Amino acid sequence: MTLTFKPLESYREDFSFRNSPAAIARFPFPFPEDQYMYSVNLEPAVSRDPGSVFEHQFDVDEHYVSEMAERARVLELDPGRCLVMPHMAQAAWDTLAMLMEHLARDYPQHFRLTRQGDAWHWQNLALGIDQRFTFGDPASLPCEPLEYITRQMQGDFAVLDQRDGDLFMDAGMVTCPADWSLRFDAGMSFKQWHSPVPMAHQMGVFDRALKYLLNIQVGAPVRRLNWTLTINPRLDTSPETYHEWGNDRGKVTPDNVGRLVHLRVELQLMARLPRSNALLFGIRTYLISLDELVSNPAWAQRLHRVMRDLPDPIADYKGITRYRQTLVDWLRRFDPEA
């Protein structure tokens, strides 16, 4: 698949973000059934379906340049969105190495990496970056290594320290979260940062997930899909910016639901870092408006059924309740059996 980047689009203010027909076709629709309930739903992150979001371990798409501009803007306003605790320095270099290696291998027309021992040469042709540096020496980069590489990667990243039979969120770059804060969750254990999720704890979902994640081996990453809904194509729906987007849920009407409401899907990747034994948790976000989504009749029909029958506690947690009935009524026309 030839990768072409779209001209600069915005994820705020005028919200000029749109998906091309090709981007719609490869959107990772997250519902395999007409009903949704929490599950671990992890699978090996092996390459499949050429051209899809599952072809490469770290997906780069047409929105790359726009997303990197959005990340830079968020960091300019709030540098604390990137955090690395002192004991995570090796894991930060580990992350840089993994991301550079994958980008250069999977997208050689846009990224290049050459190495001679610790002397590395990185070229990001998409963003016009040409950097020679010494691996392991932070003074040879313009900023801390985790920040440096994640300023060039779509999606958020948490780097989890594994100790005492648990995982701790001790580093990360989070500028496009679905209503959570790295600043707040920093240092928390796996169950602590998942504590707001309703129903799943009683079902044992997180006990099973933690046991699985602790045993992930180097070279055997796993992935899963997660989802929510977002009003407008806004990437930064963080608690820190709630004053900018919190009221948007009250603006949904029968006339604008297709334009305003976006299905927000996270392709979550968990990969063991070889030098530090930390776990890299990638959260790659995809947005699609309902107007775009219903161009696929099967998706439109299924989304109607999922939203109609979604358990109330899950709808509340995902922030859907306020406009849920408007959404279901609008989607009903796309379900022949409704």
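Backbone N, Cα and C define each Cβ position, glycine as well.
Residues annotated as heme b binding site in Swiss-Prot, with experimental evidence given as evidence: Tyr38, His194, Asn226, Tyr317, Lys318. In the structure as shown, the Cβ atom of Lys318 (heme b binding site) sits within 10 Å of 19 other Cβ atoms. Secondary structure at Lys318 (heme b binding site), taken from DSSP and collapsed to helix, strand or coil, is coil.
Annotation comment: Swiss-Prot describes Arg224 as active site, proton donor. Of all the Cβ atoms in the protein chains shown, 17 others lie within 10 Å of the Cβ of Arg224 (active site, proton donor).
Residues or ranges marked as dimethylamine binding site in Swiss-Prot (evidence: experimental evidence): Glu266. Cβ neighbours within 10 Å of Glu266 (dimethylamine binding site), excluding its own Cβ and spanning all shown chains: 22.
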Rounded distance in angstrom between the Cα atoms of Asn226 (heme b binding site) and Glu266 (dimethylamine binding site): 5
Cα distance (Å, whole number) from Tyr317 (heme b binding site) to Glu266 (dimethylamine binding site): 16
Cα-Cα distance linking Arg224 (active site, proton donor) and Tyr38 (heme b binding site), given in Å to the nearest integer: 12
Cβ-Cβ neighbours of Tyr317 (heme b binding site) (radius 10 Å): 17
